[in-house]
């Protein structure tokens, strides 16, 4: 096959490209320039896509003897990932920028350009696997290295995108083996640290970064009855499940600690309550996709596992596509309550190791009655109350 290897400058993508060459494919390397000011995108081991990373990728490509290019995707990345991240937070939702990048950049803009240029597939260093299904169609599966599995952040891929994706690291037992292989091949980045968190916020100060862009306005902290029990200096400074730093002047009647349950940008309030009020018994959303043929017909429930964070444990659940409030939604009911779930997060559904699809969460239903004041759903077009807990996930390579 003619393969376009996306090379981030890290060890995973370098070894993935090397394995593609070993497999006899016609490989070309490409590094994505995602910022016009790449020096701002790294602090120590945090961040990615800097000039240093581009040079590391070029050196790896030269070692492998493959052509190498740098493509400027900075404008598309700013519009589809960074601006989306800010807009979602302003709407009180919890975006996952790594999934947006996979959905709109690596397996959309990059893949589209690759196919236009005659490539058969895009190769990345993600820890996931593409395997043939019973009908011969490619399926997206978890990686053999469960601790490094990145199938969650690839859950946004459609069947067509999966058919043009190549993940050579999928069957690798561990990251240590990848590093050892890189060292044996003479790849200079064999011991380069993994990138973490959000690449365009390399210092990890998401609250400060957001405050610089959306401002910080004081507002009320509410209890479950809607009573104002304190004030905050900016809702973006809080995350769902947070306990420390609430600075509540009125203690709880039962003396128990309180946790952030929701952030409500429409009226600039933060709702707090007991820890058990974080439990969620149902999630749903209208923005869903399937990684192949839908598992059932609409209104026909199916068993699955649901995962709501990149490295969270999957939870057994029942799911169905149903009409809710006039729109088709994927509704998921976990066997046991989920905790700290926020609108804007992504729920990926699995059948064993296979990714079935995903949904962006618009609505959550508390497992605890009367735990919060009345709320409105936070759909994509409505900046309504919602939680704003940031879910960090490594971006993959």
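The backbone N, Cα and C atoms fix where each Cβ goes, glycine too.
Since we're looking at a predicted model, the values are computed, not measured.
Annotation source Swiss-Prot lists active site, nucleophile at 101.
Residues or ranges marked as active site, cysteine persulfide intermediate in Swiss-Prot (evidence: sequence analysis): 199. Around the Cβ of residue 199 (active site, cysteine persulfide intermediate), the number of neighbouring Cβ atoms within 10 Å comes to 26. In the three-state DSSP scheme, residue 199 (active site, cysteine persulfide intermediate) is classed as coil.
When other Cβ atoms within 10 Å of the Cβ of residue 10 (ATP binding site) are tallied across all protein chains shown, the result is 24. Summarising the annotation, Swiss-Prot assigns ATP binding site to 6, 7, 8, 9, 10, 11, 12, 13, 32, 125 and lists sequence analysis as the type of evidence.
Sequence annotations record features per position, and here Swiss-Prot assigns disulfide bond to 101-199.
Summarising the annotation, Swiss-Prot assigns site 'Interaction with tRNA' to 126 (among others).
Taken residue by residue with DSSP, residue 345 (site 'Interaction with tRNA') is part of neither helix nor strand, so it is coil. For residue 345 (site 'Interaction with tRNA'), the number of other Cβ atoms no farther than 10 Å from its own Cβ, over all displayed protein chains, is 27. Swiss-Prot lists 345 (among others) with the feature site 'Interaction with tRNA'.
Straight-line distance linking the Cα atoms of residue 6 (ATP binding site) and residue 101 (active site, nucleophile), rounded to a whole number, equals 13 Å.
In this structure, the C-alpha atom of residue 199 (active site, cysteine persulfide intermediate) lies 11 angstrom from that of residue 101 (active site, nucleophile). Across the fold, the C-alpha of residue 345 (site 'Interaction with tRNA') and the C-alpha of residue 8 (ATP binding site) stand 25 Å from each other. Taking all protein chains in view, 27 other C-beta atoms sit within 10 angstroms of the C-beta of residue 8 (ATP binding site). Cα to Cα, residue 8 (ATP binding site) and residue 126 (site 'Interaction with tRNA') are separated by 11 Å.
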